[in-house]
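Features as listed in TrEMBL:
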TRANSMEM  7-24  transmembrane segment
TRANSMEM  36-55  transmembrane segment
TRANSMEM  67-86  transmembrane segment
TRANSMEM  92-112  transmembrane segment
TRANSMEM  133-151  transmembrane segment
TRANSMEM  157-180  transmembrane segment
TRANSMEM  255-274  transmembrane segment
TRANSMEM  286-308  transmembrane segment
Amino acid sequence: MAVAMVYFVQGVLGLSRLAVGFYLKDDLHLDPAETAVISGFSALPWLVKPLYGFISDSVPLFGYRRRSYLVLSGLLGALSWSLMATLVDNKYSAAFCILLGSLSVAFSDVVVDSMVVERARGESQSMSGSLQSLCWGSSAIGGIVSAYFSGSLVDAYGVRFVFGVTALLPLMTSAVAALVREQRVRAPARGQNLALSDLGFLESSKQHIIQLWHAVKQPNVFLPTLFIFLWQSTPHSESAMFYFTTNKLGFTAEFLGRVKLVTSVASLLGVGLYNGFLKNVPLQKIFVATTVSGTALGMTQVILVIGLNRKFGISDEWFAIGDSLILTVLGQVM
């Protein structure tokens, strides 16, 4: 229950995505390059996720390795979006607060992923796939909820209001931490030599680093990691496309919210497709098929940019919806 709720919150936090884009473009008057820089800056917390796992495993907070960090992550997220709703008025403070919000989600993601791994350890591929589908399904449902309101709220009440609503959502992560079943880590006995306690921490940290290194060296860990690294290293045009669709094609916040709703539903369909038909299929076949098809279909954005779709009688709006739907299903299966 707690795991599913944390993933749901991660999905529903997408409520602010459109608001951030319009705030940077219309309120701060940033160009696509500056927006892309802030977007890349906000992704930094996701690049050091192993560090968060190392911290939560090695440094129990108030006697817990999972609960306390979920509470802390939720509070950090609430703080960052509260600042966005009230005090932020320039690109530097906006970048900092967006970074804090990203850190909040990344840290809670690591904590909840570790809980999923502990639960799935020793289970079959089918059972592990079902558990992962539950997680992504919860995130997709949260995305559907947020997408339904994201665009219309921006149009009706403005971006600051959306930031304020978003600030309440991470508190759900803090609240569900109480549902996590976790054995409290015993503190050192009173009067115990502090040096010995510090020595124990250093030894524990050393063991975690050694275990991580041994795990990374294994081909069945290193090769998938390399694949994901190369996959995520490919450049994307999200910021440029946002400016193009809003400035050139005239897409409104409400319509972009509808597109986001379609992609969230497609995300759920992708989870259902994998869970219903593909979870027993060898992963190598799935990766090959989705990579090849995704590469080909990913080039369809060029059709929208040059307006080729209109020559076939397909409006920009319908093409954008269909393109997003197909690519999201493939991405979710992968």
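Heads up, residue numbers simply count up from 1 along the chain you see.
Glycine residues also receive a Cβ, built from the backbone N, Cα and C atoms like all the rest.
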Listed stretch, out of 67-86, 92-112, 255-274, that has the most CB pairs under 8 angstroms to the transmembrane segment (157-180): 67-86
Distal contacts, the transmembrane segment (133-151) - CB-CB under 8 A, six or more residues away: 3-5, 7-19, 112, 116, 162, 252-258, 260-261, 263-265, 267-268, 271-272, 274-275, 279, 332
Close approaches to the transmembrane segment (36-55) from elsewhere in its chain (Cβ under 8 angstroms; 6 or more beyond its ends): 24, 30, 69, 91, 94-95, 98-99, 101-103, 106-107, 109-111, 114, 205, 208-209, 212, 238-240
Among 67-86, 92-112, 255-274, stretch most in contact with the transmembrane segment (7-24) (C-beta, under 8 angstroms): 92-112
Positions whose Cβ lies under 8 angstroms from the transmembrane segment (255-274), at least six residues beyond its ends: 11, 14, 17-18, 129, 133, 136-137, 139-141, 143-144, 146-152, 154, 245-246, 286, 317, 320-321, 324-326, 328-333
